[in-house]
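Colleague: The structure under discussion is supplied below as C-alpha cells; questions concerning it will follow.
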Amino acid sequence: MLICAKRFYNALEIISMFSFAKQMMLRKFGVFKGFTPLRSGEGELKQASELLKILEDKALGGIKVERKKSENVVWHAGKVKKEDRERFLGQKGVILWFTGLSGSGKSTIAHELEERLLKMGKLSYVLDGDNIRHGLNGDLGFSPEDREENIRRIGEVAKLFADLGIITMTAFISPYQKDRQRVRELVKDGEFIEIYVKCPIDELKNRDPKGMYEKAIKGEIKNFTGISAPYEEPENPELILNTDSESIDESVEKVIEYLRNKDII
Ligand SMILES: Nc1ncnc2c1ncn2[C@@H]1O[C@H](COP(=O)(O)OP(=O)(O)OP(=O)(O)O)[C@@H](O)[C@H]1O
Ligand SMILES: [Mg+2]
C-alpha cells in the first residue's frame, strides 16, 4: 500500500499514476510482478525498495512516494522497567553521542572507552558509522535526506540500547544540528550526552587515516563533510574533546570523569 505525500493528489489520481507507472515498467523491464521482486531486462532481481525509487524518480516525475505508516499499533509496556535493568547492571542507560568530522577520533575514543568500561565492570556498546552502514543502513547514501534517515534510525536503536541499561556510544559524523537535537528529544533529560570530538580540518587532512580527505579534495568523493558538505558544530555539547591537543587516554578519562560525576557509573 502506498500513499502520495502531496496533498493535492486524490486516491484516483494516485491509482492512475501507478497504472501509468506500471505500463512504463512493463516497457522498460519486460516483466512486472507487483511490488515483490521484479525481473529486469538484464535478468537481475530488483527489490521493491528499488522499484519505489524508480517510480519516484522516473515514472512519477519526482513525486515523493512514501510507505504507508503502521496503523493500529499499541505500545505494550513490559513488567521489567529501565530502572530495574539499571539496578541489575549497576549503571545508568545513556547515549554518549560522539559527533565530529571524519578522522577526529570518534571511533578510536569510543572503542577505547568501551574497553576501559568493561574492565571497570560496566557494560557499554559502540554503534559505529561504517559498521551500521554495512547492515541496517546499507540502503542509505550520503545525500542530506539519507544522512537524516541514517541518524534517525541510529537514534531509535540507541534509545533501545539505552533502555536496556547499556552505556550506548554512537560514533557518527552526524553533521546536522537538527538531527542530533531530534535524538536528544527521544530520551529523558540527562540521557543524551553530546560529545563533540573536535579537531581542526588541517590536522585532519594530515591524519587522513582512510585516505578520504585526499580523495574528497580531488573531487573523487562527493558530499564529504568538511570539504564538500557542511558540518554544523554542536551549540551546547555536554563535553568537548580536543583531539589535536589531548591524548586518546586523556579524552577517555574526561568521559569517565563525566560519567562518574553524573552517577551514571
Ligand atoms: N588524541 C586523539 N584522539 C583520537 N584519535 C587520535 C588522536 N590523535 C591521533 N588520533 C588518530 O586519529 C585517527 C582517528 O580516526 P577515527 O577512525 O577514530 O576517526 P572517526 O572520527 O571515527 O572518523 P570517521 O567519521 O571517518 O569514522 C586515528 O588514526 C587515531 O589514531
Ligand atoms: Mg569512525
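Even glycines carry a Cβ here, placed using N, Cα and C.
The shown structure was predicted, so the numbers you read here are calculated from the model rather than taken from an experiment.
Taken from TrEMBL, the feature domain 'APS kinase' applies to 92-241. Annotation comment: TrEMBL describes Gly100, Leu101, Ser102, Gly103, Ser104, Gly105, Lys106, Ser107 as ATP binding site. Annotated active site, phosphoserine intermediate per TrEMBL: Ser174, in sequence order.
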Colleague: If you draw a 10 Å sphere on the Cβ of Leu101 (ATP binding site), how many other Cβ atoms land inside?
Modeller: 23
Colleague: Including all protein chains shown, what's the count of other C-beta atoms within 10 A of the C-beta of the residue listed as 'active site, phosphoserine intermediate'?
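Modeller: The Cβ of the residue listed as 'active site, phosphoserine intermediate' has 27 Cβ neighbours within 10 Å.
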Colleague: Cβ under 6 Å from an atom of ligand 2: which of these binding-site residues qualify? The list is Leu101, Ser102, Ser104, Gly105.
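Modeller: Correct list: empty, so none.
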Colleague: Most Cβ neighbours within 10 Å: which of the binding-site residues Gly105, Lys106, Ser107 is it?
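Modeller: Result for the most crowded candidate: Lys106.
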Colleague: Whole-number Å only: compute the distance from the Cα of Ser102 (ATP binding site) to the Cα of Ser174 (active site, phosphoserine intermediate).
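Modeller: Between the alpha carbons of Ser102 (ATP binding site) and Ser174 (active site, phosphoserine intermediate) there are 10 Å.
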Colleague: Among Leu101, Gly103, Ser174, which recorded positions lie by ligand 1, judged by Cβ under 6 Å to any atom?
Modeller: Gly103
Colleague: If you take the centroid of the Cβ atoms of Gly100, Leu101, Ser102, Gly103, Ser104, Gly105, Lys106, Ser107, the listed ATP site, which other residues of that chain have their Cβ within 8 Å of it?
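Modeller: Apart from the listed residues, the neighbours are Phe98, Thr108, Ala171, Ile173, Val197, Cys199, Leu204, Thr243.
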